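Here is the structure we will look at, set down as structure tokens.
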Amino acid sequence: MKIAVVGTGYVGLVTGTCLAETGNTVTCVDINEEKVKMMQAFKLPIYEPGLDLLFHRNIEQGRLKFTTNLADAISDAQIIYLALPTPPDGDGAADLSYVLGAAKDIAKLIKEYKVIVTKSTVPVGTADKVIKVFKDNTSVEVDVVSNPEFLREGVAVEDFMKPDRVVVGTESVRAQKLMAELYGPYVRQGNPIIFMDARSSELTKYAANSFLATKITFMNEIANLCELVGADVDAVRKGIGSDDRIGKRFLFPGVGYGGSCFPKDVQALAHSARENKYDFKILESVMEVNDIQRKVLVEKMRKYYDGQLKGKKIAIWGLAFKPETDDIREAPALYIIEELLKDGAIISAFDPEAMSNVKKVVGDKIHFGDNQYDILKDADALVIVTEWSVFRTPDFDRVGTLLKSKVIFDGRNLYDLQKMIDCGYYYNSIGRKTISI
Ligand code: UDX
């Protein structure tokens, strides 16, 4: 099939590349000339495991192209994906100007039937707005399909190539048939393509992400309670996760959820509920609790140092909002850094992929290391914010020798408590017993 993808952000690029991989011809279009030039020169603008291989292979085989020219990109495309940003506006609603703007440009260019697929996470009713834009600007027939993405950063290629499910929101049989054909190769193992109306499809995406954010938040609160009642959240997690109805995944407590999706989508769904005069109490609490949880490590440190963080040297392992990405959008590390700087701490940090992005935000207010050990020299404490594999089994003797005091605040529960006792550390993690020296 011939496909155009408008917007080469994270979702657009993964979608375009993965659609080319099964033999489709895909043209990705973006207004950012610099980015398009970069991709035409075989360079990926993002870090995503496994994407590089597919990106190169499909460009080399002529199935994946990049352009800034919208007309060229869509002229012979049967399906046009809209993968444009929908950032929150001032009061938490999703800003649809990019999506509707692109729809208008496309409407003015098309000469024959097209399927328009909204891939961006958009509020309920957006497909209807896109349909109206087409009706207002062209007499050519189109079908507008909502097809939310469920891609996790770090495993996005795998998620696209072998999805748990594909949700397709359209009542047009013609569009349903085309989408079924397109996604057939991706669901060969038997996972479903679930057809529904566009509104339900749009809400499915928000419901999925908000549910997962709620699940994490619930565990964060259980963890906080564990500390107060002397229980161990790891044990509780295993105890409840073995119940199929609950499931083992997304039960890990930490320093709050972050990233480009959960915070934005929870906010947008809560906003949409308010707009519809529905008081979505759980979601309002989820947002409130997550704000507090982001600072939980800082509060623990304030307590440990009796409020005297001024001049303390703090080493941070992990800045990305989660491992295997360089993405720092809504990363808990940024909130932690901001609080620690406010208190006058001196920060050095290391992250395998995200340091250059953080540098763009904090400049030289903090020091960045070349590796995870060199930032530890003479530090008063080590703080773990992102659970990169490389932090899981460090050389504890080396860590202990470099640190001024053997103190670790761990926001991801990476280490075994007995190991910390044996190695002689003060170790404060989430929802578990604090190990004192
Ligand atoms: C998410 C959804 O999973 C994906 O389906 C959607 O389409 C896009 O948003 P992503 O943002 O890449 O994907 O990250 P995800 O792996 O879901 O993690 C989100 C946040 O939750 C991270 O900050 C992570 O650290 C946190 N998290 C996740 C926890 O704190 N505990 C967990 O058990 C799982």
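In case you wondered, yes, glycine gets a Cβ from its N, Cα and C as well.
Curation does not apply to TrEMBL; its annotations are automatic.
These come from TrEMBL:
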ACT_SITE  C261  active site, nucleophile
BINDING   D30, K35, T86, T121, E153, K264, R329  NAD(+) binding site
BINDING   F150, L151, R152, E153, K205, F250, L251, F252, P253, G254, G258, K322  substrate binding site
DOMAIN    315-417  domain 'UDP-glucose/GDP-mannose dehydrogenase C-terminal'
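For F150 (substrate binding site), the same-chain residues lying six or more positions away in sequence with a CB closer than 8 A to its CB are D159, P163, D164, R165, V167, K205, A208.
In this structure, the binding-site residues under consideration are K35, R152, K264, and the one with the smallest number of other Cβ atoms within 10 Å of its Cβ is R152. Looking only at Cα atoms, R329 (NAD(+) binding site) sits nearest to G258 among the binding-site residues R152, L251, P253, G258. Note on proximity: of the binding-site residues R152, L251, P253, the one nearest D30 (NAD(+) binding site) is R152, by Cα distance. Only F150, R152, E153, C261, in sequence order, out of the recorded positions D30, F150, R152, E153, C261 have a CB under 6 Å from ligand 1. Comparing the binding-site residues K205, R329 on other C-beta atoms within 10 angstroms of each C-beta gives the minimum for R329. For T86 (NAD(+) binding site), the same-chain residues 6+ apart in sequence whose C-beta sits under 8 angstroms from its C-beta are A94, D95, L96, Y98, V99, S120, T121, V122, K264.
Counting every protein chain shown, 22 other Cβ atoms lie within 10 Å of the Cβ of T121 (NAD(+) binding site). R152 (substrate binding site) sits 23 Å from K35 (NAD(+) binding site), counting Cα to Cα. Long-range neighbours of C261 (active site, nucleophile) (same chain, six or more residues apart, CB within less than 8 Å of its CB): T121, N209. Across the domain 'UDP-glucose/GDP-mannose dehydrogenase C-terminal' (315-417), the model assigns an average pLDDT of 97. The C-beta environment of L251 (substrate binding site), restricted to residues of the same chain at least 6 apart in sequence and closer than 8 Å, consists of K215, I216, M219, R237, I240, G241.
Rounded to a whole number, the C-alpha distance linking E153 (NAD(+) binding site) with P253 (substrate binding site) is 19 angstrom. If you compare every pair of Cα atoms in D30, K35, T86, T121, E153, K264, R329, the residues listed for NAD(+), the longest distance is 25 angstrom.
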